[in-house]
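Everything below concerns the one structure shown next.
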Amino acid sequence: MAEIKMDAKLFQERIGHFANAWKSDKRAGNSIFHDVSSIVITMGKMEEVQEYHKNNSMHYWLLGYEFPTTLMVLTTETLYIVTTAKKAKHLQPLKGGRFPIEVLIRSKDAEANKALFVKVAEAIKSAGPKVGVLTKDTSKGPFMDEWKEVYADVCKDIQEADISLALSQAAFAVKDETELRAMRASSKACSALMNPYFLDEMQGIIDADKKVKHSDIGDKVDKKLDDLKWWKSVKLPGGQKLPSNFDPSQLDWTIGPVVQSGGKFDLRMPENNNDILHPGVIIAALGLKYKSYCGTIGRTFLVDPNKSQESMYKLLHTVHNLVLKEIRDGAVAKDVYARAMGLIKSKKPDMERHFLKNVGYGIGIETKDNTLILNGKNSRVLKDGMTLCIATGFNDIENPQPQDSHSKKYSLVIMDTVRVTTGEPVVFTGDIPTDADANFFFFKDEEEAQPTPKKEKKDSRVGAVATKNITNTRLRSERTTQVDDETEKRRRVHQRELADKKQREGMARYAEATGDQSNGEVKTFKKFDSYKRDNQIPSKCRDMSIVVDSKNHTVIVPVMGRPIPFHINTIKNASKSDEGEWSFLRINFLSPGQGVGRKDDQPFEDPSAHFVRSLTFRAQDGSRYQEISNQISNMKKEATKKEQEKKDMEDVVEQDKLVEIRNRRPQVLDNIFIRPALEGKRVAGKVEIHQNGIRYQSPLSTHQRVDILFSNIRHLFFQPCQHELIVIIHVHLKDPIIVGNKKKTKDVQFYREATDITFDETGNRKRKYRYGDEDEFEAEQEERRRRADLDKLFKAFAEKIAEAGRNENIEVDMPLRDLGFNGVPFRSNVYIQPTTECLIQLTEPPFMVLTIEDIEIAHLERVQFGLKNFDLVFVFKDFGRAPYHVNTIPVESLEDVKEWLDSSDIAFTEGPLNLNWPTIMKTVTADPHQFFADGGWSFLNSGSDDEEDGDEDDEESAFEISESELEEASESSEEGSDFDSNASDDEGSEEDDESEGEDWDELEKKAKKRDHEGGPEEEEERSRTKKPRRR
């Protein structure tokens, strides 16, 4: 108990809150505390198998720790604690606060100990005729026997009342911000163990048809609790990681892990049996506590379910969602249960007898709050800040089409940990989906198209968006019609819905103030040791000269007749200067308050200490000082380079070994080049498909190869060679890998050039006897045929890769070229194309792969009249990730880009200016809760939709011009008007060399601009001569 640190401030806050609730109940009629005058909380000897009840929960809630063999007696004015001397030592910091506490110390003297108990019993007796106790308290041991003997003698006339409900309502049920964070962390940890870990293990066992016991699977999940490396790298299905300050060492089990299958189901979640995992209905549940606060998750996975089982699960999913909708501040527990039963009666009345007797219970510092069970009898009212485990399920359902004797009966359950709010509840375990698509697995009939787990159902509009929006003209001025009003209206309504949805999701994700959520690196103070022992210092320091020890990254300088080593990381720079016959060497050190940039900024152990900022030495040997200055500069560069390389390698995950196919020849695609290229000569290699991944092998050396595991593949693309010079199979990875000895990469590409000079027949004998274009036509036909064969070959190989990696849900995605547009994501202008799940550019490195589900919102910049280009910015759901910019998109693609964003359910906004995104994201990550509370992304809209709708007619009529004005504008253009200059700030002063005259739209634009420059008087005069245009 040496490491115990009591939080006196938190103790005073909580006991003061509890005492105030107690006093308020006395004034309101004693409906909760039952008019008790004192409360007794006893803790006996620590149990071998620890159980969580109200008594030890009170210890955790008040003190932060559990104190065995301790008695607490609480009145509205004082807290008495009887405990041993060792425990009393830790309780001393709690004294002296607003609420008085008296610690009575036990000793080895039995009579003195009895006198302490008598004193406390007399305090109970004098407080009043009624005492609150925990009637279900099972504390045991000699300490308890002594107390019960004294209590029975002194307090025999005192009436007892159960205080369980009062402890729940006044202490445990409604959580503060600190408790909610711990609840969220424990729930996220449960989610990570369920998916990806347990789900991947289960799929592997079933797919390989292994015979594994439930207990063995549970033990494997149990051991993962101590794998600190796994906890740091694990990602939830949504892609987000656990909080940076998450401490896995504070996790402990409260439920399971429980695995059930094969017809033997018990939804009370007992310990695992030794039965073999049966592919059918599989129930998995687990509960963890983090910093004493519990989270629970439970899921049912159906392997090759029949129609009846599918129907039952979908019914349960509907009931579960209904219960979640009913959970809100002010709801009554029995009403929530009644709504669930009502839905079952209306849809399938015969399932009423199979439904569980409750739909959840309170959870938090207790694994289960028995006073907060959501059943048909409990009239407890839910309050904002409560946390619940919502558990809906059906027990012992008859299977009309059993596969075997183990499938005759089955059960279903869904369990989630939620927080009650004034609106929809926050589902802490909501990262793990509960819908049928994510929990149905089909292994037997591979040809039957089934929705894959882990992937959301795609909107049917994606992909068909937009053949109707693709035009054959390049310029808007050449189109016969502008944007359809109905399409624009529909898009605007849909965007408003998406914006509202994003706002709700943001408020749900950051339901309480969470502080700084940025994923930026938290810099910590680092200590550097130049030498461990004195004998490691170079011997040439004895002559008191300056020594640069490159081996130990140290500069040794003489100070006051002693050699003093300085590690290179403490040195900022070194410089040499000359004055007359003397040369000066100045060494500057890092110290607080230098005003350096953010890259050089670093914390110090004690910023208020005295620091040496610089040392200056002088000598007449200038060449020697120049050499030392160069050595220090080179060593500093080398240290900075190594630090940067180490930082770059932090997120590189070491892959498992590739399992090669030994019993047969692997499937191969030959004559393939790879990007990023390997070292050495550029030579075509081959790609092989093995058991758990693919391998690129160079013919130059067996060591020149790249292994990619299926488990690390996030996206697999095939891009045909139509309109391109190469045909591509592109792999986008979940975690970066190292290719050769070069930098890390998350994109690996295999390609072959589509053109080949060996097929060029120019100058051969056939040309002597054939004139005209017949041979050129043949060559074009041959070129098209070869390209088609290449596309067919690469597409088939990509599908084989997807088939081999089907356990990792790998699918081949192809770009939709008709929906593409030009833009500049890096430095060069490239053609960007959407796919079903991404927005990509694979032709020219650096490659661009943006996953649609990672995008929070898109913003169109520089959308204003007169500019030829606009910019597109993507903000990601991971706010710590920098926004992605695609610049200089032609304005002709504006409507197509908007339509694609809308059809992909990406909320977007637009504005006339470029925004300072680093500043914006810094504001967002500083306090996401406050950001969404202030309206979230609504600030990006330049004006409200209502204003746009209302002013649309006025704007159009204001820009109408008469025929005389049109002629005048035409004449002015011929005379070289100033309006001929381009307004775009991106295109500069480039002009189109078109031989044809300006069209009507160009003239109309000039007239509009002239109207603006004419001033309000001229505009008013013109408006009198115009007729309003009918729409």
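Don't overthink the numbers, they just go from 1 along the chain as shown.
Each residue, glycine too, has its Cβ placed from N, Cα and C.
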| remark: Matching 594-624, 625-655 to TrEMBL annotations, coiled coil lands on 625-655
| field | Tally of DSSP helical, extended and coil residues in the domain 'Histone chaperone RTT106/FACT complex subunit SPT16-like middle' (821-911) | value | 16 helix, 42 strand, 33 coil
| task | Calculate the per-residue pLDDT averaged over the domain 'FACT complex subunit SPT16 N-terminal lobe' (6-167) and state the result as an integer. | result | 88
| note | Using DSSP three-state counts, the residues of the compositional bias 'Basic and acidic residues' (495-506) come to 12 helix, 0 strand, 0 coil
